[in-house]
């Protein structure tokens with residue numbers, strides 16, 4: 001047996017309420033539909049009446065309208081005076097009409113939804129911006145500018161121009177609020193100190209960079225001076241080699257020991273063997289004398305090296321029988337061993353060599369012209 005409760009349950013009561021609301025809405029909709037249908041029929045009748053009227057020209061219509069206005073049946077239409085300018089946005093017009101409502105909420109896709117309470121909290125959290133004077137002038141500079149009585153101290157050139165006017169009202173306001181909000185003043189002081197520390201660090205870094213650049217420039221100058229000195233030394237060595245009698249080869253740039261030997265190199269124009277023997281025989285026994293007339297030079301070989309050194313010391317740069325002589329020890333010393341007597345075959349080689357004697361021992365054969373003539377006659 002099913003037991004049905006006498007009253008309705010909560011769900012049934014809620015459904016009944018909804019049903020009643022729907023009925024009321026349906027009745028309202030029907031009433032609105034009736035009103036709209038009646039308005040459309042009236043508009044259609046007006047349109048029909050207007051369409052049934054005869055078509056008139058603009059000139060006749062304007063004359064009829066003027067007569068009606070004069071009679072007072074129709075009032076003249078007043079032209080609206082519109083202010084020419086830029087169009088205002090609808091949101092701005094809404095703000096101007098209802099300033100108490102505040103800004104109309106609009107959908108902004110790239111902005112998080114912020115309520116008015118959150119906006120107020122954020123504005124309270126944000127640090128207040130400093131004035132332009134505070135951002136450039138620190139508190140210590142302001143105290144220096146002020147005198148002991150709180151007045152501006154007179155400095156050099158204070159009376160030359162008009163007095164400077166600073167925003168002291170802001171100072172008074174900040175002093176009044178400082179007692180009420182000490183944490184703000186502390187945060188400002190901390191920010192000032194941080195800014196000063198940053199400026200000091202930047203200045204130190206700049207000074208270090210300048211010192212480094214100066215040291216680099218000094219090192220570069222030193223290197224340049226060293227290179228210049230080296231180049232000068234090289235040039236001096238080259239000049240010395242060029243000025244000397246024989247140029248030193250590039251493969252042996254180091255200093256050489258003085259030459260030693262018994263063979264001399266003699267340079268002079270129009271030299272003769274008799275002149276050379278007469279000039280060089282007083283210093284020692286000459287074992288070889290060879291000449292090279294195309295080059296204006298000769299080679300004189302002594303028996304001893306001491307005599308060669310003495311001849312160089314006394315005859316180099318002198319003039320003998322109007323011939324300027326340049327005497328030096330020869331680079332090549334082929335007769336040194338033979339002259340000193342170290343080898344047995346050396347003396348023989350010197351005696352029989354083509355350079356050993358300046359005169360050829362062979363006899364020259366000379367043919368007369370008569371012999372040629374006789375041979376020609378016999379042939380024909």
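Backbone N, Cα and C atoms are what each Cβ position is placed from, and that goes for glycine too.
Per Swiss-Prot, the feature coiled coil maps to 7-36; the stated evidence is sequence analysis. Computed over the coiled coil (7-36), the whole-number mean pLDDT of the model equals 90.
The region 'Disordered' feature in Swiss-Prot is assigned to 30-67 (among others).
Annotated compositional bias 'Low complexity' per Swiss-Prot: 30-43, in sequence order.
The feature phosphoserine is assigned by Swiss-Prot to 51 (among others).
What Swiss-Prot records for 78 (among others) is SUMO2 cross-link.
As annotated by Swiss-Prot, SUMO1 cross-link applies to 78.
As annotated by Swiss-Prot, region 'Disordered' applies to 79-258 (among others).
Positions annotated as SUMO2 cross-link by Swiss-Prot, on the basis of a large-scale study or a structure entry: 82 (among others).
Swiss-Prot lists 90-101 (among others) with the feature compositional bias 'Basic and acidic residues'.
Residues or ranges marked as phosphoserine in Swiss-Prot (evidence: a large-scale study or a structure entry): 113 (among others).
What Swiss-Prot lists as polyADP-ribosyl glutamic acid is 122 (among others).
Per Swiss-Prot, phosphoserine is recorded for 139 (among others).
According to Swiss-Prot, the phosphoserine annotation covers 179 (among others), on the basis of a large-scale study or a structure entry.
Residues or ranges marked as phosphoserine by Swiss-Prot: 181 (among others).
Annotation comment: Swiss-Prot describes 184-243 as region '30 X 2 AA approximate tandem repeats of R-[DSNE]'.
The phosphoserine annotation in Swiss-Prot covers 185 (among others) and rests on a large-scale study or a structure entry.
Around residue 191 (phosphoserine), taking its Cβ as the centre, 12 other Cβ atoms fall within 10 Å, counting all chains. A helical conformation is recorded for residue 191 (phosphoserine) in the three-state DSSP classification.
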